[in-house]
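K.L.:
So TrEMBL has the following annotated:
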TRANSMEM  B:21-44  transmembrane segment
TRANSMEM  B:86-103  transmembrane segment
TRANSMEM  B:115-136  transmembrane segment
TRANSMEM  B:142-161  transmembrane segment
TRANSMEM  B:173-194  transmembrane segment
TRANSMEM  B:214-242  transmembrane segment
TRANSMEM  B:262-283  transmembrane segment
TRANSMEM  B:303-321  transmembrane segment
TRANSMEM  B:333-351  transmembrane segment
Amino acid sequence: MIDTTQATSGADDRARPTPLPPLRPGLRLGGVVSFVWRPRPVIVTLVAALGAFLFFCLSIRLGDYPLSFTQVLETLVGRGDPLARFLVTDGRLPRALMAVIVGAALAMSGAIVQSISHNPLASPDILGISSGAGVLAVFILTTGGVASNITRYGTPAMALIGGLVTGAIVYALAARGGMDGFRLILIGVAVNALMHALITWMMVRSDITQAGQAQTWLVGSLADRTWDQVTGTGVLAAIAAIVALGAAFSLRAVQLGDDVAQGLGVGLGRTRAVLLIAAVVLAAASVAGAGPIAFVAFVSPQVTMRLAGVSAPPLITSACVGAFLLSGADLIARTLLPVSLPVGIVTAAVGGPFLVYLLVRQNLRSSR
Amino acid sequence: MSTTMAVAPERASGFSVRRKRLIGLAVLCAAIVVAVVASLLIGANTLSPSLVWHGLWHRYIGEGTAPDPQLNEAAIVVQTQRVPRTILALIVGSALGVGGALMQGHTRNPIADPGLLGITQGAALAVVIAIFLGGVTAPIQFIWFAFIGAAIASVVVFGLSSLGGTAASPLTLILAGTGVTFFLSAMTSAVALADSQSLDALRFWNAGAVKGDSYDIILTTTPFILVGLVLAFANAPALNLLNLGDDVARGLGQNVTAARVLGLLAVTLLAGAGTAACGSIAFLGLVVPHVARYLTGPDHRWLLPYSALAGGLLLLVADIVGRMVARPGELEAGIVVALVGAPCFVFLVWWRRAVRL
């Protein structure tokens, strides 16, 4: 993605007196739109998207009453027998959809924040958005008497509010006199610590049963999702994703560094603002939908960069990898494990070693 | 080396960097003295200053048989609780502060802290497993499990990130550390969700408290922390060179691999022992180096001692505040560090740009 080689058409090549070293093949349409043709990111995107769809279908197929793949596909396009339709629409489809939506949203959010702050550690978890959502959610869960009758919808709603408010606070504090990636990340980390302390405080003061419930929520889970939650998270995430993708062309310039981006004529302030707001909404929506599933937002962009061989995470590819990772993890959580574990544990158990494997492989290759 | 002059010319306006550093040092030392006095005076039992003073030197005996029961009780409270608690807060705070400064220096990442190498989570997992499988309950038994868990995690992270290369690159170290940290934390959650006794221990462990009711904790962890501090200070000149870039450092005759190994060994000792002693005290290792850097600039020969003093001061003050705000109970120091430290830190960053690495 960051590449100084230019896309050239055949005609340009011939016009030059000395042949250039082989450049990346380019594609230029009418002199306005030009791409560098890079097969690896495209292949990674397609494979990840296909894999995510496969996991999605498998997740619908498997269960106490297994369906065949044809039944799954028929039901998805609106046909199929009533029993299958009932099984799919009632329980399995919301969960499978939620996995895809949340995975993609978290990964895209992480890719945006990591690009803007130029720091691989930056992700919505680290900027405090997830823990801000957690504060209100844990408050509801540990003060059962106050709020027990609103927990079903109250927890997601409170999580959404908490995430958005925290994001707004971090943004407002960091945006003083122009957004600065360094300040953003330091303030985000501090706010994150504050929110974590509040959560820990509530956990310590609550009784052990409520602490257990809160701990379950804090790990992140996709079990028992309702259509309301899927719609809410899906709509919010989709709007934010469209906005982010609209600004993503400028993101490529931002990834080159602030000075270069300004030199290229990108309105840095506005681009950053739009992207960060989109990132906050994406993260808050997914925490509301599935709890603060750790690691997906951090690991997906990093894995994407390494698989695609690029130096900054592209948004769509990251989103596909995130959806792939979370759907796969949820499938493992649902079917392979003897005890049912929340999906947040599985993402870290699968994603952590995978990232380390990629790092080690990269190290070994570069030292050879 | 003239790094002192080279790194911070823009901060020298008005009065010299050197003078600013010396004044800062004096202020920190004075603040620590004040905090120590306050720590001895303030507690769940209300004792008058003179009683505390005499209690400090009185040789106490078992309760009920003393000629002066009030003085005897004061002596017990001061000598068995407040003194060890004060010492523990100072030691652990400086360990975590210096550990954080080393981590940020070696990784060149402003949000690195000792928790990043998997140290805190390795300790937490070891403790939870010890409770789940072995039924370990006493804090003094936790320490060894925590320390071993911390050490294993950091050796694994460092080993993985240096596979194939001559020295672990800072970026790989950070990423491998985060990967392993998340993994360990997921395993810890899995155990805690399965077993409510482990969850119970874990939530208090996460809160990070300074429990000074036992000299054993101090005696067990202090040697590791002292060795860690010595290694850290020995690492400071090399760290200044490394911050010019690995290639430049190598060109100037620095053994890069040796310097990295030494630094990470120090981080492991400091953070591992500190975490083992007090549980997970988040944020301290992150914020203290930034505050110290604001006073000293990025020269590690000054930054590390400053971080030690500022870290000890912050944890001690947090512990005192925790004793005061939640009477008759108390608020865990780890929670107070973040509740009090984070707004101050935000203000520092917001009001005047923190010094970059």
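Any Cβ shown, glycine's included, is placed from N, Cα and C.
Automated prediction, rather than curation, is the source of TrEMBL annotations.
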K.L.:
At a threshold of under 8 Å on Cβ distances, which of B:115-136, B:142-161, B:173-194, B:262-283, B:303-321 pairs most often with the transmembrane segment (B:86-103)?
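P.N.:
Top-ranked stretch among B:115-136, B:142-161, B:173-194, B:262-283, B:303-321: B:303-321.
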K.L.:
Looking at B:214-242, B:262-283, B:303-321, which one has the highest count of Cβ pairs under 8 angstroms to the transmembrane segment (B:21-44)?
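P.N.:
By Cβ pairs under 8 Å, B:303-321 leads among B:214-242, B:262-283, B:303-321.
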K.L.:
Residues of the same chain, at least six outside the transmembrane segment (B:303-321), with any C-beta under 8 angstroms of its C-beta?
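P.N.:
Cβ under 8 Å, 6 or more out: 21, 24-25, 28-29, 31-32, 35-36, 38-39, 42, 85-86, 89-98, 100-102, 105, 210, 229, 232-233, 236, 281, 284-285, 287-289, 291-293, 295-297, 331, 333-334, 336-337, 340-341.
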K.L.:
Which sequence-distant residues neighbour the transmembrane segment (B:214-242)? Criterion: at least 6 residues beyond either end, Cβ under 8 Å.
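P.N.:
Same-chain contacts beyond the ends: 1, 3, 84, 87-88, 91-92, 94-95, 98-99, 101-102, 105-106, 139-140, 143-144, 147, 248-249, 252, 254, 256, 258-260, 262-263, 265-270, 272-274, 276-277, 299-301, 303-305, 308.
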